[in-house]
Amino acid sequence: MTNIRKTHPLMKIVNNAFIDLPAPSNISSWWNFGSLLGICLILQILTGLFLAMHYTSDTMTAFSSVTHICRDVNYGWIIRYMHANGASMFFICLFIHVGRGLYYGSYTFLETWNIGVILLFTVMATAFVGYVLPWGQMSFWGATVITNLLSAIPYIGTNLVEWIWGGFSVDKATLTRFFAFHFILPFIIAALAMVHLLFLHETGSNNPTGIPSDADEIPFHPYYTIKDILGILLLILFLMSLVLFVPDLLGDPDNYTPANPLNTPPHIKPEWYFLFAYAILRSVPNKVGGVLALISSILILILMPLLHTSKQRSMIFRPLSQCLFWVLVADLLTLTWIGGQPVEHPFIIIGQLASILYFLIILVLMPITSSIENNLLKW
């Protein structure tokens, strides 16, 4: 008799995705981050659901309701900090997951990669509207500054900004709609993640060598389920260490001051995971140029398959490209640091150089280096 997991319409889908899935036998720990992102999403949806039970999306009571959650709700403080630091974990996993895709040439799976870029944009949008909800100083001014960037769009810009605000400034209408967006977007992310997996399972996973692994595959369960559980335990260990010892390490102290439209904070900056993009935005003196640079910094990922000139898929056997990849990582860390600094000398020039280098590496140096490596191998 055939096992029910192979015949039942629903269980068959789960079986083919997580149990009997043929997986390459040599995928390393860098392949753990897909499952970790799934866990992060589930964790964020669950903690967010419990927070939404006590939160009020009104400018008069939003800040107080978050304080109430932390002080009066049973275990409210841990739910709130798991949600806030869970977002940081989400982005750490996201950046590593994208970096893995760049390093090992996973972007040659076009549909999977493009859905992934859409997912990245959606998660960034969700995190942005979520940061506005506690209605602290940085929430209010962050929302004002970032939504204002849309006014750079010619002709319709100003009308568009006021339409998003629901008035002439960031106010009650803005907070209410941002809460609605923040509630619905994670479910859209979950749906997109399923499409992401669907396309991935059409081709099968990539592996560190970048060559087809059809000849040497193993069942996903028990080998990779055990490996994923180890990754999940380490993720929870890291997250709970943050939550229980230094819950405010990655937050901004200004957000513990209730929003005040009459008092601008000295340094307006987003959460740490947006600082690299914020630094690129600030490095262009022109408003429209800055907005275009900001969007391009993420949208450039869609061009990766077109910019791939190497005869090899993975970087594992390409030392020159490896060096360039790690320079890119260092450059992104530099941009993250610059994004958190005030707009003054020498930070302005460092930010501009780092921004130029970011686009230069991806658009020019990587394709040229790949071609040089092809010639060195006489291909």
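Cβ from N, Cα, C; glycine included.
Listed in Swiss-Prot for this protein:
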- 33-53: transmembrane segment (TRANSMEM)
- 77-98: transmembrane segment (TRANSMEM)
- His83, His182: heme b b562 binding site (BINDING)
- His97, His196: heme b b566 binding site (BINDING)
- 113-133: transmembrane segment (TRANSMEM)
- 178-198: transmembrane segment (TRANSMEM)
- His201: ubiquinone binding site (BINDING)
- 226-246: transmembrane segment (TRANSMEM)
- 288-308: transmembrane segment (TRANSMEM)
- 320-340: transmembrane segment (TRANSMEM)
- 347-367: transmembrane segment (TRANSMEM)
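Put simply, of 33-53, 113-133, 320-340, the stretch with the most CB pairs closer than 8 A to the transmembrane segment (288-308) is 113-133. Outside the transmembrane segment (226-246) by six or more residues, the chain places 29, 32-33, 35-36, 39-40, 78, 81-82, 85-86, 88-89, 93 with a CB less than 8 A from a CB of the stretch. Taking the C-alpha positions, the distance from His97 (heme b b566 binding site) to the residue listed as 'ubiquinone binding site' comes to 17 Å. Cβ atoms under 8 Å from those of the transmembrane segment (33-53) belong to residues 69, 79-80, 82-83, 86-87, 89-90, 93-94, 96-97, 100, 182-183, 186-187, 189-190, 193, 228, 231-232, 235 of the same chain, restricted to positions at least 6 beyond its ends. Taking Cβ pairs closer than 8 Å, the transmembrane segment (113-133) reaches residues 55, 57, 62, 66, 87, 90-91, 94, 98, 101, 106-107, 139-140, 142-143, 146, 170, 174-175, 178-179, 181-182, 185-186, 188-189, 192-193, 195-196, 199, 270-271, 273-274, 298-299, 301-302, 304-305 in its own chain, all 6 or more past its ends.
The binding-site residues in question are His83, His97, His182, His196, His201, and the one with the fewest Cβ neighbours inside 10 Å is His201.
Within its own chain, the transmembrane segment (178-198) is flanked in space by residues 17, 37-38, 41, 44-45, 48, 52, 55, 57, 112, 115-116, 118-119, 122-123, 125-126, 129-130, 132-133, 143, which lie at least six positions past its ends and keep a Cβ under 8 Å from the stretch.
Here the CA atom of His83 (heme b b562 binding site) lies 30 Å from the CA atom of His201 (ubiquinone binding site).
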